[in-house]
Amino acid sequence: MFNIFTKQTKKKLGEEKTINFSKDGDIPKHIAIIMDGNGRWAQKRRLPRIAGHKEGMNNVKKITTYASKLGVKVLTLYAFSTENWKRPSNEVDFLMKLPVDFFGVFVPELVKENVKVNVMGYTEHLPKHTQKAVENAIKETKNNTGMILNFALNYGSRAEILTAVNDLLNEVKQGNFTEEVDEDMFSNYLMTASLGKELQDPDLLIRTSGEERISNFLLWQIAYSELYFTESYWPDFSLAHLEEAIGSYQKRQRRFGGLKIEGEASK
Ligand code: FPP
């Protein structure tokens, strides 16, 4: 299956591991990441939690650039959930300023890399300065045709599904709609709809920091995603870790509820 099969020994991953990762192998078209562990990364260094978020933001730049170079089509990053408003106000304020800092510096590089910014979530509830930074990044990168960098900002999957149901109900009330709702049609009412049918569901979902839960992220869309959990805190999640996650994905056999096709080379 692989043209070139690189075996790399990565000592930096904590323990020595052999990673079977191929740049010419099956690169997931859509990778989604729950970027967890910023706070613990900071605590471990006796730094305030916000220092972890700042380092996390810097890591977004590195991972975005590498994912784009690998040929990933969509990188969805869970940056702020509808539940994160419960955090102390200084932390929320800091998180709301991150897109301003991030896009303020990184947009020219995104343009150079042909990356297009997209944002999903209830952005109308974000502070004005955050909304402006996001709108500007979307505008500046709108003609780019490469990887879509899809930020989930004030996003929650249950809310997203309820919004879709209510939008559908309104269509029914207005008499615009009489057919039965099928999966494709329902997907068109979700916040990932603009990514198109081929790309709206992640192939690979990564969660950092050792926690193994989904935390209200893309509940509909990850029905058949491959899940990958790593102990690494998000600020420590390196290019080698990304290779390791993709390497793990490349070994898996996706059956989507069907059976392995006889004679098909196993991964
Ligand atoms: C979870 O870690 C992380 C977040 C809630 C914020 C994630 C945000 C970034 C990585 C920066 C995003 C950058 C841009 C450009 C918007 P946590 O704080 O829950 O960590 P903990 O579980 O160790 O406390």
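All positions are counted from 1 along the displayed chain.
A Cβ is built for glycine as well, from the same backbone N, Cα and C atoms used for every other residue.
Since we're looking at a predicted model, the values are computed, not measured.
For Asp36, Glu226, the entry in TrEMBL reads Mg(2+) binding site. Under the heading active site, TrEMBL lists Asp36. Marked as substrate binding site by TrEMBL: 37-41, Arg49, His53, 81-83, Trp85, Arg87, Arg207, 213-215. Feature annotation from TrEMBL assigns active site, proton acceptor to Asn84.
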Between Thr82 (substrate binding site) and Asp36 (Mg(2+) binding site), find the distance joining the two CA atoms and give it rounded to the nearest Å.
15
Filter the candidate list Asp36, Gly37, Asn84, Ile214 of recorded positions, keeping only entries whose CB is under 6 Å from an atom of ligand 1.
Asp36, Gly37, Asn84
For the binding-site residues listed here, Trp41, Trp85, which shows the highest count of neighbouring CB atoms within 10 A?
Trp41
Rounded Cα distance in angstrom between Glu226 (Mg(2+) binding site) and His53 (substrate binding site) is 26
Among Gly37, Gly39, the one of these binding-site residues whose Cβ has the fewest neighbouring Cβ atoms within 10 Å:
Gly39
List the residues of the same chain that sit at least 6 positions away from Asp36 (Mg(2+) binding site) in sequence and have their Cβ under 8 Å from its Cβ, in sequence order, or write 'none'.
Arg207, Thr208, Ser209, Glu211, Tyr233, Trp234
